[in-house]
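Marked as domain 'Kazal-like' by TrEMBL: 451-506. As annotated by TrEMBL, transmembrane segment applies to 87-108, 115-136, 186-209, 221-248, 268-292, 345-364, 384-404, 416-436, 525-542, 562-586, 616-638.
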Amino acid sequence: MTGLDTENTPTPQLHLQNMTASDFQLNSDSQRSTPPSRCRGPFNSIKLFVLCHGMLQLAQLLVSGYLKSSISTIERRYGFSSQKSGILASFNEVGNIVLIVLVSFFGSRVHRPRFIGGGALLVSLAALIMAMSHFISGPYKYTDHISESKDDDSGLCQLESSFQSPLSNHSCTQQESHSQQGVFPLLLLGQLLLGIGGVPIQPFGISYIDDYASKRNSPLYLGILLAVTSIGPAFGFMMGSFMLRFYVDIDKMSKDQIGLERRDPRWVGAWWLGFLVAASFLFLTSLPYLFFPRQMPKEETGSDATEPREEEEKKPLPDPVLELTLTQFLKSFPRIALRTLRNPIYLLVVLAQVHLAAMVAGLATFMAKFIERQFTQTASFSNMMIGGVSIPLAVLGIVLGGALMRRLSISTRGSALMCTAAILMCMLTALPLLLLGCSTQSVTGVYPTTQNGSLGCSAGCSCPTETFNPVCGSNGVEFISPCHAGCMTKVQDNNTIKVLNYTNCVCINGSHALPGTCGSNCEHLLLPFMVLSALTCFIASFSQTPSYMMILRTVRTEDKSFAVGVQYMLFRMLAFLPAPVLYGIAIDTTCILWGKKCGRNTSCHYYNMDLFRQRFLGLQVLFVCGAFICFLLSLLILRHRAGQQGQQAEQRYTVVNGVKSPDNNTASKELQRMPA
């Protein structure tokens, strides 16, 4: 006690002697209902915590969704293969897997709000590191870069000249050593920190809300966080759609100096700009967590005040995790995990969810790229389709699936039936996607002929082997550069450096060619593809809520927390980590012309679109079939168990008229106790 407190209570013992028992009870109740003045601050409100945590989760998932939306642009900018892009997209799971197990141990032992704030600051730093790659790599130099000079003939057919590559071996080596080689490790470091920083955010936030929210409001708060978790990636894709409209070097050159259109296959959008926005958002949303207390007063509502004090009479059971040391916890975790995995229903449902999670991870990473290539769309438009159509319908399916379960009070076996039916319908809508597409456009020297190298008509043009500046001839045939089309001259815009067309093209009988690709002529199939794709997402998401309920209803009560932890760990190890890499490898096997820079392969210029579609969407169908088999087996096991229980009941009780059981008196007594 301070001196001020002593002056206010000069005779505490005499005061206590004069109090009756009822006075003491009344005084204690008033003290409990009126917390000290320091507990009535704004940061002692669980509602404010829910608001802050919703904004933080939105910012965190904004980064994840934005990276997925920019992955094809980063791939084109730095010459990554799809496999390398898949490694980058999934590398945040490495840090997450390593530390996620420790969250269960340290959950109630640390200052959770400060750990959440620290993790958010680390995620903000990760976003800044990823954006830093743009500033250390110098200006974007694409092949046949147009000079501001109107007399520049680079990229055209130059007869009887020893044309050299714009970059000498010395400049290539210097560029690779100082900028390009350091970009991929820097992006990986950002992804690693993104995964580590995100470990405490959701688990600590949910447990903190569950501890201090009222029993009535807790489901509402958690539902708000679940909704934010679902729409966060959608905001990331929509922001990617907006940012990729700007040229990558918008900070280094004026608009008149940009010689590319958005539909040009060499166009690279300002992918780094979204990371700066997300980093600022994360920094601002992390600051309030430094002021939230380690413990706050339990929230009280009007209904809580009128109800009897049942919660006070029922003392909470001690958490067994709190009684363990870190060594004991790490030793017991594999044993409990194996015991949980021995449950066949739990194992099958988790494997089904792993199949669906792997499908989602691969599609989220490369679906925008597939739409770009198959339907000749811009990266901005592709991201808008995913963030504005597919993801919202998936969220709607999750909500409706939960509402349907609540409305019909579906049992565990009914949940298995619902999941099996939803995935079966999902298979029926996913299979037609394999047929919606077109073959690769005709590209002279690339597809469909097997001829490589220089063409006969442009053999004397000395075209560089590394050039890539596709043009579409007036005859509808595409060439990988104006030089390969034998074009002698070009017509530029008077106000900008953009090329309007190329003329005097030898390989097109002296006619002209327009800059850019001819396209796959598949734009008319985009609408039915998006309808079926969104419908597939909508139907598949119906299985999420019943599958979670199957897990919670089929494991021991004391193992539920561990079961959910093992489930998320398996998600990351078996789905989120390997799936993007697997999809990337499958996509790379369909490449028919790799880009070249400084003698090394870069990103792919042309794909065999039939193989691309079959392998990319074929993996989707494969994962859906795997989920269907797992859900079907779980349904059969539950039905078999129900049949066994029925047979045991028939053996114990008399169920057929005129047949006596071995112990008729005992059976009659037990039959009377059974419900009708």
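Glycine too: its Cβ is placed from the backbone N, Cα and C atoms.
No curator has checked TrEMBL annotations; they are predicted automatically.
Model, not experiment: these values are computed from the prediction.
Here the transmembrane segment (416-436) has long-range neighbours at 349, 352, 401, 404-405, 410, 525, 528-529, 532-533, 535-536, 539-540, 542-543, 546-547, 550, 613-614, 617-618, 620-621, 624-625, 627-628, 631-632, 634-635, 638, meaning same-chain residues at least 6 beyond its ends whose C-beta is under 8 angstroms from one of its own. Using a Cβ-Cβ cut-off under 8 Å and counting only residues 6 or more beyond its ends in the same chain, the transmembrane segment (115-136) has close neighbours at 53, 56, 59-60, 63, 67, 78, 179, 182-183, 186-187, 189-194, 196-201, 204-205, 208, 248, 271-273, 275-276, 278-280, 282-283, 285-290. Contact count against the transmembrane segment (616-638) (Cβ pairs under 8 Å) is highest for 345-364, out of 186-209, 221-248, 345-364, 525-542. Contact between the transmembrane segment (345-364) and the transmembrane segment (186-209) does not hold: fewer than three of their C-beta pairs are under 8 Å, each pair 6 or more apart in sequence.
When the domain 'Kazal-like' (451-506) is classified with DSSP, helix, strand and coil residues number 4 helix, 18 strand, 34 coil. Comparison of 186-209, 221-248, 384-404, 525-542 by number of C-beta pairs under 8 angstroms to the transmembrane segment (268-292) places 221-248 first.
Ranked by number of Cβ pairs under 8 Å to the transmembrane segment (384-404), the listed stretches 186-209, 221-248, 525-542 are led by 525-542. Beyond its flanks by at least six residues, the transmembrane segment (186-209) meets 46, 49-50, 53, 56-57, 60, 63-64, 67, 74, 87-89, 91-96, 98-100, 103-104, 107-108, 112-113, 115-116, 118-127, 129-130, 132-133, 136, 218, 221-222, 225, 229 of its own chain at Cβ-Cβ distances under 8 Å.
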